[in-house]
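J.: This is the feature table in TrEMBL:
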{"type": "BINDING", "residues": "Q39, H141, N186, Y320, W440, E447, W448", "note": "substrate binding site"}
{"type": "ACT_SITE", "residues": "E187", "note": "active site, proton donor"}
{"type": "ACT_SITE", "residues": "E391", "note": "active site, nucleophile"}
Amino acid sequence: MAKKEMFEDGDVGQASAGAVSRTDFPPNFVFGVATSAYQVEGAASEGGRGPSIWDAFCRNKGKIVDESDGEVAVDQYHRYKEDIDLIAKLGFDAYRFSISWSRIFPDGLGANLNDEGITYYNNLINTLLEKGIQPYVTLYHWDLPQHLHDSMGGWLNKQIVEYFGTYAETCFANFGDRVKNWVTFNEPLQTAVNGYCYGIFAPGRSENPSTEPYLVAHHQLLAHAAAVSIYRKKYKDKQGGQIGLVLDCEWAEANSDKLEDKVAAARRLDFQLGWYLHPIYYGDYPEVMRERLGDQLPKFSDEEIEMLRNSVDFVGLNHYTSRFIAHAEDSPEEGHFYKAQMMARIAQWEGGESIGKKAASEWLYVVPWGIRKALNYIAHRYQNPPIYITESGMDDEENDTPPIHEMLDDKLRVTYFKSYLAEVAQAIEDGADVRGYFAWSLLDNFEWAQGYTKRFGLIYVDYKNGLSRHPKSSAYWFLRFLKGDEGEHSKKE
Ligand code: GBH
């Protein structure tokens, strides 16, 4: 049987699209939408917020394709009530957003608290709770206070661990009476690799691509552990919440049955998930990373490992897409981080047909079966932890030529959510302990280096007309799905 047919016969993957309904998930399964501070808030120089490394990065010519920035973004800082109304109307249970560190401590140091920042997040949280929406709060979604970068080297300096601890504790103390779900870091891999190896994300460094990413990841892990330890010692008992870490993983499917391809796919997963989860579950970085990187990979002291071990109440998974992985002595992928993995990422089946429909972003193909595999992989390799899918979604190209109603009819995005959710339901049946699914994103927003040229939203933002919000077909699909009006007819007996 050809590999492609194998994937379509139902056993291994592709649950039939359209056959998913709310009742395929446990009643307490959480459905939410996600955003991050820099991508949606705007008001970058208002309300006492200090500058962050993304403000500075966006000013470097050539880094953001449309030369835009998050100065205004989609102005959620001023429009949070309208946005929360929309979340409530669509019927979501939860909103995952991030706190901007420099809105809490403008210089990051932890001495000068910005009361206006505290007030803003209090308002946001209280408004959510009034509407029955649970806040899922990320402490760090890439926007380091600029002063910490300038004055001490930011994530390159181990002292950052203490500053992060102070910031995290301030958030627990101020918001933890109402926030019961915390995430320390969003995708520490992206900060490490795109920030310090490829230089395509803030702070845009690529001077020492074979050492800095590993140091930065190391310090993020220690900062994560420090924050969790503070939470568990001083807040968890009285506040009763949970705390975890969010990792990104592109599913890696071996390109063939050859041993070397299987090993390459396994290596690829260790370089994404194992990098962070192995220290937490098994006390050190994956062996294959030590083999490939030698002394470039920092070492943990016994005390540090003690802190890191079991430092998650849940694993957050950001999952968008998948690739076939083949062994490659000299990787066709550019740059140190990919070369170190000795693999090729392939987006085609053997016959040349693409692995899935392409979204707008170069890296994003619609591959529903990958999410089921990623979830089962985490369940088996990391002691079946509670998992929240903290991001999942796809983008359309910004295009202001067609009439707006055409942009709103996002058929492929509807297919994406239907088919990915059907696979999540399968993973739960397989035994993975999946607790929630957050669509990325609530609304179109600042897509980092791609600026406003890519639209990931369930809600369309009209950048030319006062940032008005217009729900797309996918938003209405979720509304029906969450009410239980979707999929029932096609459910198997
Ligand atoms: C998530 O990252 C982020 O958490 C979120 O903020 C973001 O808006 C969302 O994805 C959509 O991108 O191919 O060289 O251009 C997902 C991981 C990191 C995958 C950047 C794509 C692009 C690098 N993404 N990567 S490149």
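If you go along the chain as it appears here, the first residue is 1 and each next one adds 1.
Positions of Cβ are set from backbone N, Cα and C atoms, glycine also.
TrEMBL: automatically predicted annotations, no manual curation.
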J.: In whole Å, how far is E187 (active site, proton donor) from W440 (substrate binding site) when you measure between their Cα atoms?
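T.: If we compare the Cα positions of W440 (substrate binding site) and E187 (active site, proton donor), the gap is 14 Å.
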J.: To the nearest Å, how far is the Cα of N186 (substrate binding site) from the Cα of the residue listed as 'active site, nucleophile'?
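T.: With the alpha carbons as reference points, the distance is 10 Å.
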J.: Whole-number Å only: compute the distance from the Cα of W448 (substrate binding site) to the Cα of the residue listed as 'active site, nucleophile'.
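T.: The separation of the Cα atoms works out to 16 Å.
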J.: Same-chain residues six or more away whose CB lies under 8 A from the CB of Q39 (substrate binding site)?
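T.: Within the chain, Q39 (substrate binding site) has Cβ neighbours under 8 Å at G70, A73, H141, S441, N445, F446, E447, W448.
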J.: Could you tell me which of these binding-site residues, Y320, W448, has the greatest number of Cβ atoms within 10 Å of its own Cβ?
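T.: Counting every other Cβ within 10 Å of each candidate, the maximum falls on Y320.
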J.: Whole-number answer please: how many Å between the C-alpha atoms of the residue listed as 'active site, proton donor' and E391 (active site, nucleophile)?
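T.: With distance taken Cα to Cα, E391 (active site, nucleophile) is 11 Å from the residue listed as 'active site, proton donor'.
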J.: With H, G and I counted as helix, E and B as strand and the rest as coil, say where DSSP puts Y320 (substrate binding site).
T.: coil
J.: As a test of the contact definition, list every same-chain residue at least 6 positions from the residue listed as 'active site, nucleophile' whose Cβ is closer than 8 Å to its Cβ.
T.: A34, R96, V246, D248, N318, H319, Y320, F438, W440, S441
J.: Using a 10 Å cut-off on CB atoms, tell me which of the recorded positions E187, E447 is the least crowded.
T.: E447
J.: Please give the substrate site's span as the largest CA-CA distance among Q39, H141, N186, Y320, W440, E447, W448, to the nearest whole angstrom.
T.: 18
J.: For the substrate site (Q39, H141, N186, Y320, W440, E447, W448), what does the 8 A shell look like? I mean other same-chain residues with CB within 8 A of the CB centroid.
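T.: Residues close to the substrate site, other than Q39, H141, N186, Y320, W440, E447, W448: S36, E391, S441, F456.
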